[in-house]
Amino acid sequence: MFENITAAPADPILGLADLFRADDRPGKINLGIGVYKDETGKTPVLTSVKKAEQYLLENETTKNYLGIDGIPEFARCTQELLFGKGSALINDKRARTAQTPGGTGALRIAADFLAKNTPVKRVWVSNPSWPNHKSVFNAAGLEVREYAYYDAENHSLDFEALQASLSEAQAGDVVLFHGCCHNPTGIDPTLEQWQVLAELSVEKGWLPLFDFAYQGFARGLEEDAEGLRAFAALHKELIVASSYSKNFGLYNERVGACTLVAADAETVDRAFSQMKSAIRANYSNPPAHGASIVATILSNDALRAIWEQELTDMRQRIQRMRQLFVNTLQEKGANRDFSFIIKQNGMFSFSGLTKDQVLRLREEFGVYAVASGRVNVAGMTPDNMAPLCEAIVAVL
C-alpha cells in the first residue's frame, strides 16, 4: 500500500534548515527560517520566560488535561493583547479564544471551522505570502486566491493594485491580512490604509482573518495592533490566528491562539462550540507548558515589564541590523540601492535577490536564504555582516 506513495517536495523553509544543518562549512550563515537570534547568533530563552518557568516548576500542582480550548487566563491575556485593555468587544463578551499548537494550529482550526460550519469556499491571501498559508487552507478543502500586494520595482506596498485585485473577492469570501511585519516583504499598510481596508471589507461583506505572528516586532505592542483594531471597531465578525513563538521566543513550545469574534455573546458561544468540536477531532486539547508561561508573564506586572523590555531589545536589535546591512552593502560596493530595507518591519526583508542569486549564495558562500529572496534580518550579527554582504555583492 505504501510502496506507491511518491515523496513530498521539501518544505521551502524548514527544508532549508535541514540543508543548513548538513553543511559543514564553518562560516555558513542561516537567513532562512524565521527565528530571532541575538548578537552571538544564538536563539536565547528570554529572562522573563526563565523566571516564569521557575515559578511554574515550584507552583504547578498537576499535569492533568487542559480543557479543549486551553487555559482560561491565557485566553483572557491574549484578547487584551489583541484588542486592548478595556476593549468594548471584550466587555461585551463578543470574543472567544482557543489556545492552539502554534499559529499554524490556529490557522488550521480556523480553516476547518469555516469549511465545516459556514458557506465559505474561498480564502484570499497576499502575493507574496507565507508559503504555508496555501497548504493549510487547501488541506481544509478551501480554494486559495491571491491578491496583489508588493510593488517589486519600488519595494513598497502597491495599494492600488491590492484594492483592484480584491474587487474580485465576493461577499462571504475570507480575506487574510498579516497583522503586522508582513511575511515575507516586511511592508505593512499605514493606519490610513488599514482604515480604508476595514471600511472596504465591511462594505463588500468579506470575513477578515488576521494572521498575527509578530506583535511587538514592528513598532510596539499597541502600535502593531492598530490595523486589527481598526477592523474590530467596524466588523461584527472576524477571526485572529496569533502566535507567541516570536515575541516570547517560545518556538518549540508551539503556543498559538485562535480568536473568534461575533456580533454578540450568544452567537460567539454557539459558533465557538463548533470550533471546539473541530479541535476535539484534531488534537483533543492543547499542551500546557508554553501557554502557562505566557499567561504567567502577562498577568504578573513585574514579569511583564521584563518581557516588554526584552521585546523592545529584540525589535531594536533587528532595526540596528537593517541599518548595518544597508551600510555594509554600500561599503562593499553594491551596485544598487538597498535603502528600502531600512523601512521594512519585523524579522524579514524582501531583498530583491533572484532565485539564481539565492542558489549561488548557498552553493558558493554557505549563505542560506529562501528562494523568494526573503532574508531573516534577525539572523544577521555584527560578526557575520561583512562576509554576508561580500557574498551578496559577488552574486549581484
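The backbone N, Cα and C atoms fix where each Cβ goes, glycine too.
From a predicted model like this one, the values you see are computed outputs, not experimental measurements.
What Swiss-Prot lists as L-aspartate binding site is G34, W130, N183, R374, and the listing cites similarity to another entry. In the three-state DSSP assignment, the secondary structure recorded for G34 (L-aspartate binding site) is coil. With a cut-off of 8 Å between CB atoms and residues at least 6 apart in sequence, the same chain places I13, N183, K246, M347, F348, N376, A378 near G34 (L-aspartate binding site), listed in sequence order.
Swiss-Prot lists K246 with the feature N6-(pyridoxal phosphate)lysine, giving similarity to another entry as the kind of evidence.
Same-chain residues with CB within 8 A of the center of the G34, W130, N183, R374 CB atoms, the L-aspartate site residues themselves not counted, are I13, P184, M347, F348, V370. Neighbour density at the Cβ, taken as the number of other Cβ atoms within 10 Å, is lowest among the recorded positions K246, R374 for K246. Long-range neighbours of W130 (L-aspartate binding site) (same chain, six or more residues apart, CB within less than 8 Å of its CB): N183, P184, D211.
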